[in-house]
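Notes to accompany the following structure.
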Amino acid sequence: FDFCQAEGKKRPSENLGQVLFGERIEPSPYRVGSLTPEDKQKLDFLKKSMLLNYQHHWIVDNMPVTWCYDVEDGQRFCNPGFPIGCYITEDGRPKDACVINSEFHEKDTFYIFNHVDIKIYYHVVENEALGARLVAAKLEPKSYKHTHPDNPDCSGVPMDISNKASGEVKIAYTYSVTFHEEKNIRWASRWDYILESMPHTHIQWFSIMNSLVIVLFLSGMVAMIMLRTLHKDIARYNQMDSTEDAQEEFGWKLVHGDIFRPPRKGMLLSVFLGSGTQILIMTFVTLFFACLGFLSPANRGALMTCAVVLWVLLGTPAGYVAARFYKSFGGEKWKTNVLLTSFLCPGIVFADFFIMNLILWGEGSSAAIPFGTLVAILALWFCISVPLTFIGAYFGFKKNAIEHPVRTNQIPRQIPEQSFYTKPLPGIIMGGILPFGCIFIQLFFILNSIWSHQMYYMFGFLFLVFIILVITCSEATILLCYFHLCAEDYHWQWRSFLTSGFTAVYFLIYAIHYFFSKLQITGTASTILYFGYTMIMVLIFFLFTG
């Protein structure tokens, strides 16, 4: 945007996580500029941005400058950004922020917020040389048509730009700063007022309780079924050993000679298992750190940086798990296995990311990742992650293959005709519903924090949900596996991976629903970007749940 730019000031440097998320921090002076006729394009751009409710995000001393206003039920909401301007429609309806001032009433007109009153709250620290510390920064966006831009008096009618207006438009940007002493806020808890006023915290407890109840119920069910049926089955088998009619076997006992037959496409399954383990441990450790408060919102971009670095360092478990399973499936091509583990899933993610970046770059967006960062990411991947994967695979192949408790028969068994719900597809589709039910409320907040620039800080909740998700995925899969083994279908390896992995498909459907119901995204590039990034998340989620 053509706002006031700073001359000769150095840009603050961002960390890896911020660069990947497309956050750029620019220094700003405040000085006065005007638009001229050949800037009609700029004016149209400005109008479009007001229609789409674009926001300024300002930072002072690493604190977001917030705009606090009253919402219904006497609550105050603090928004860490404020709009560029707002629009009154042709039939006189105020959109977005135009509701704050009754003077905004001209039809089909844009009002630009060209004046801000900034209030800085400080707290004087006794017995320290520092003097004062900033504990909060708030602002009020205002709109004034300055009569004397050289000597502004902050009064007069709002700065309106009619939609039909052409010709020169001069916009003078002004600001005022006042300082207020605030003795009650400690510096350590200066973020609280932003987080407290975030909506939805109270819904959270309800939703967590809700999913906990579901999980307890599920666990109870699974434990009951497993204990009762297995106990019954085993008791029945033991009883039969004592009598002589042991010839008629039934249920899952029948397939014991085929249960460890290597699955079809064992190579791909082992690679997925390796990558999934890598993502599982990465998520666990990242969320654990976030819970302990190392990755607070004050620490911009820390979460992403932490996740990327952990992912790179966790090449060894990935290689080890993939090699171990591949060996137990009786695979011989260990070189292919290691290469696929190192390059298949990360390669898909990187290719997707690279294409998205090309689109951003083509659109001239500030979120495009500079070439240097791309090279750095590739270097992390090739020089650290890949060698670590090779080391893991070396140890995985060196160990003896997993010992199976029963021998596999020479001739594969005939699989009987399956009933509808033990067929692979219905089983897999059913399996994904339960884990998704546990997470979808959290999903709403996470998507909001990615796409609607709300802060996400409920890592304690998220960690809980993560544990619940792991338990639910495992239980649902065990249950469904048991049913189809009872129906004498011994192809369980892929089905167990895909049963809980199908949660990712529900996640994709939810993301599509979110796109159409919550986001006002226009333009092809933005749509491609949304779905491009969503596909990365879906793939990671698929590997993780599987």
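Any Cβ shown, glycine's included, is placed from N, Cα and C.
Within the same chain, residues 434, 437-439, 441-442, 461, 464-465, 468, 471-472, 475-476, 478-479, 482 sit at least 6 positions outside the transmembrane segment (205-227) and bring their C-beta atoms closer than 8 Å to a C-beta of that stretch. Annotated transmembrane segment per TrEMBL: 205-227 (among others), in sequence order.
Beyond the ends of the transmembrane segment (268-295), by six or more residues, the same chain brings 302-303, 306-307, 310-311, 314-315, 317-323, 325-326, 329, 331, 337, 340-341, 344-346, 389, 459-460, 462-463, 466, 470, 493-494, 497, 540, 543-544, 546 to within a C-beta distance below 8 angstroms of the stretch. What TrEMBL lists as transmembrane segment is 268-295 (among others).
Marked as transmembrane segment by TrEMBL: 301-326 (among others). Here the transmembrane segment (301-326) has Cβ contacts under 8 Å with residues 14-21, 23, 266-267, 269-271, 273-275, 277-279, 281-283, 285-286, 289-290, 294-295, 334, 337-338, 340-342, 377, 380-381, 384-397, 399, 402 of the same chain, all six or more residues outside its ends.
Annotation source TrEMBL lists transmembrane segment at 338-361 (among others).
Positions annotated as transmembrane segment by TrEMBL: 367-397 (among others).
Residues or ranges marked as transmembrane segment in TrEMBL: 428-451 (among others).
If you look up TrEMBL, you'll see 457-485 (among others) marked as transmembrane segment.
Summarising the annotation, TrEMBL assigns transmembrane segment to 497-516 (among others).
Taken from TrEMBL, the feature transmembrane segment applies to 528-545 (among others). Long-range neighbours of the transmembrane segment (528-545) within the same chain, counting only residues 6 or more positions beyond its ends whose Cβ lies under 8 Å from a Cβ of the stretch, are 272, 275-276, 279-280, 283, 345, 348-349, 352-353, 355-356, 359-360, 435, 450-451, 469, 473, 500-501, 503-505, 507-508, 511, 515, 519, 521.
Within the same chain, the transmembrane segment (428-451) stays apart from the transmembrane segment (338-361): fewer than three Cβ pairs sit under 8 Å, each pair at least 6 residues apart.
Between the transmembrane segment (457-485) and the listed ranges 338-361, 367-397, 497-516, the one holding the most Cβ pairs under 8 Å is 497-516.
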